[in-house]
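J.: According to TrEMBL, the protein has these features:
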type    : residues                     : note
BINDING : G12, A13, G14, H15, A16, G17 : FAD binding site
BINDING : 271-285                      : NAD(+) binding site
Amino acid sequence: MFEKEYDVIVVGAGHAGAEAAAASANLGSKTLLVTMNLQTIGQMSCNPAMGGIAKGQIVREIDALGGYSGIVSDKSAIQFKMLNKSKGPAMWSPRTQNDRMRFAEEWRMALENTPNVDFYQEMVSGLLVENGRAVGVKTSLGLDIRSRSVVLTNGTFLNGLIHIGDKQFGGGRAGEKAATGITEQLVELGFESGRMKTGTPPRVDGRSLDYSVMIPQPGDVVPEKFSYSDTKALTHQRDCYMTHTSLLVHDLLREGFDRSPMFNGRIKSLGPRYCPSIEDKINRFADKDSHQLFVEPEGWNTVEVYVNGFSTSLPEDVQYKALKSVKGFENVKFFRPGYAIEYDYFPPTQLKHTLETKLIDNLYFAGQINGTTGYEEAASQGLMAGINAHLKINDKESFILNRDEAYIGVLVDDLITKGTEEPYRMFTSRAEYRTLLRQDNADLRLTPRSYEMGLAKKDRLDKMEEKERKSNAFIEFFRETSFKPDDINPILESVDSSKVRQPDKMFKVFSRPRVTMDHMLQLEEVSAFVSENNLDREILEQAEIQVKYSGYIAKEKNNADKLQRLENIKIPKGFDYSKLKSLSYEAREKLKAIQPVTISQASRISGVSPSDISVLLVYMGR
Ligand code: FAD
């Protein structure tokens, strides 16, 4: 029925599990994907969208490394938007609205077409552990399946408890069973576990809505895409719509507060602060008369609609009555009510940078089980866990991304160094080097590293190298070529009423804040260079960003290099902090618990002060 021994068993086929299985299998590991329901591979539990601020950068990074999330998102997209286009390029964030059913279907097809992946549908109820090492899984039907490593990606399913008003019942997601057994065994093995909470809005029948009174939210006029590979950008798109709640809607919602599990103490765990439920919003921001709601289609052909911004666990009759008072929703029919879910997670400080647990060898955790929220956060952890599970059993060096290399590096380092007490989601503000970590250069940053490690294929590397070569040549052209004042002055006058008297290099003029590539293309030499060298939109954008932000980029690189020196000072494994009496008590306890690998990682632990770092540096002879 099964291989005698798999290289990697991945438990769960959400975003983390799907990426983990794809990565380990593509690297050559014989992989078994065990999941409770094979119909829900890559299921979007909440909103039908990928990317967005900071998350879009993560999808680009997954793609640059050779993961599938970007490709699946492109193939199932119904709308594309580059968010924050009015800000600097470090903030540009791609986002797609997706066809939920097609997204899951594309994931399943991608995995079925990946050699080395076997599938099995059942609940895993425990792990096989021998001599402190994970050697397989036990299923609820009593099967033992052996492997050399195990990746757990159980999402919101571990002892999941669903709440709608005063009703509560076990479940991992609406309509799906909760998973039991794993938490209990891991706690017995010495792991610490906790509870978190998240929620989702009702889904409604689009035929019952009056879109004529809502504000259309179309996609970009020239849609782009996530993947650096040859997926296609959309040629037509579906609109979303915006409407608003009102004081009447808020009053109707308040009528249900006494039956709300959020307010009557039944839900005890913490939910995502930045993705609050509607009852949370009207409670916390009581002075606000209205909140935005985004009405998002669930796919190309379905009439089902997702009501973004109306996440709730209030009783379904209260949800219905309140939503009927929203403009455009007067005749609304429900497909499914909103609900909240509580689930077990494992504080991620129990993990190494590879996402392997410190307690059990060859056991990896990825996704929501680590206290994160969001598809992109989960998918990127799955990718890293799948890669490292493969590398470890093949005695190869682990694959770790630094904070100045990728948002994925920031995510993993934050989780394992600082931990998280509320669902962790990525923000651009979490990255200290965000000018380096842009969505446009994820391939330049990561594809060579992934190729070297063995995951990204040669065609990806070739494409990235061509982009690098062409954009560097174009930047060099701007550095080398002089302009004539008579040619450039009409352009400058139209931009900022300025003029130049002397000939100078184009790079200098192009660096001015309001001069854009479109302006530069008005110069004959520039447009000739573009057509002679066949430069496409991506190259023009890359060259423009690198010219205009060269100062900021150089400064951040310099800062990153300085920090790298601390990164290079390793702390010996099992270092005895109790002998350093000049460390503060808090620092000593935190350092003992987290066991940082470098001085730089130690400096990021909350409670470890600069003076504690000085003590460590003195001890290490620096
Ligand atoms: P999941 O997508 O949950 O996948 C887990 C997989 O593991 C499933 O395939 C399941 O069948 C399988 N599984 C679990 N246990 C076992 C077992 N023992 N044996 C076999 N298979 C098992 N994210 C946001 O960013 N914003 C939100 O507002 C938001 N709201 C949410 C609301 C709800 C109600 C839910 C359920 C999720 C919400 N999320 C939200 C979270 C988002 O869905 C997750 O972050 C993401 O899906 C996590 O991916 P994952 O791969 O870790 O787990």
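Yeah, the Cβs are placed from backbone N, Cα and C, and that goes for glycine too.
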J.: With every protein chain in view, how many other Cβ atoms are within 10 Å of the Cβ of G14 (FAD binding site)?
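T.: Result for G14 (FAD binding site): 30 neighbouring Cβ atoms inside 10 Å.
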J.: Looking only at C-alpha atoms, tell me how far A16 (FAD binding site) is from F285 (NAD(+) binding site), rounded to the nearest Å.
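T.: Here the two Cα atoms are 34 Å apart.
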J.: Work out the three-state DSSP category of H15 (FAD binding site).
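T.: DSSP call for H15 (FAD binding site): helix.
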J.: Which of these binding-site residues has the least crowded Cβ, counting other Cβ atoms within 10 Å: G12, R273, C275, N283?
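T.: Least crowded of the binding-site residues G12, R273, C275, N283, by Cβ count within 10 Å, is R273.
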J.: Including all protein chains shown, what's the count of other C-beta atoms within 10 A of the C-beta of A16 (FAD binding site)?
T.: 35
J.: Check N283 (NAD(+) binding site) against DSSP and tell me helix, strand or coil, would you?
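T.: Looking at the DSSP assignment, N283 (NAD(+) binding site) belongs to a helix.
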J.: Counting every protein chain present, what is the number of Cβ atoms, excluding its own, within 10 Å of the Cβ of G17 (FAD binding site)?
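T.: Step by step: centre on the Cβ of G17 (FAD binding site), count other Cβ atoms within 10 Å, giving 30.
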J.: With Cβ-Cβ distance below 8 Å and at least 6 positions apart along the chain, what are the contacts of H15 (FAD binding site)? List them in sequence order.
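T.: For H15 (FAD binding site), the qualifying residues are G42, S69, G367, Y375, E376, A378, A379, G382.
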J.: Among the binding-site residues R273, C275, S277, E279, K281, which have a Cβ atom lying under 6 Å from any atom of ligand 1?
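T.: Cβ < 6 Å from ligand 1, in sequence order: C275.
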J.: Using a 10 Å cut-off, grab the number of neighbouring Cβ atoms around the Cβ of G271 (NAD(+) binding site), all chains included.
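T.: Around G271 (NAD(+) binding site), other Cβ atoms within 10 Å: 22.
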J.: Can you tell me which of the binding-site residues G12, A13, G14 is spatially closest to K281 (NAD(+) binding site)? Compare CA atoms only.
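T.: Its closest listed neighbour, by Cα, is G14.
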J.: Using the Cβ center of G12, A13, G14, H15, A16, G17 as the FAD site position, which other residues in that chain lie within 8 Å, going by their Cβ?
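T.: Other same-chain residues near the FAD site: V10, A18, E19, A20, T35, G42, T153, G155, A366, G367, A378, G382.
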J.: Drop a 10 Å sphere on every Cβ of the binding-site residues E279, F285 and tell me which sphere holds the fewest other Cβ atoms.
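T.: It is F285 that, of the binding-site residues E279, F285, has the fewest other Cβ atoms within 10 Å.
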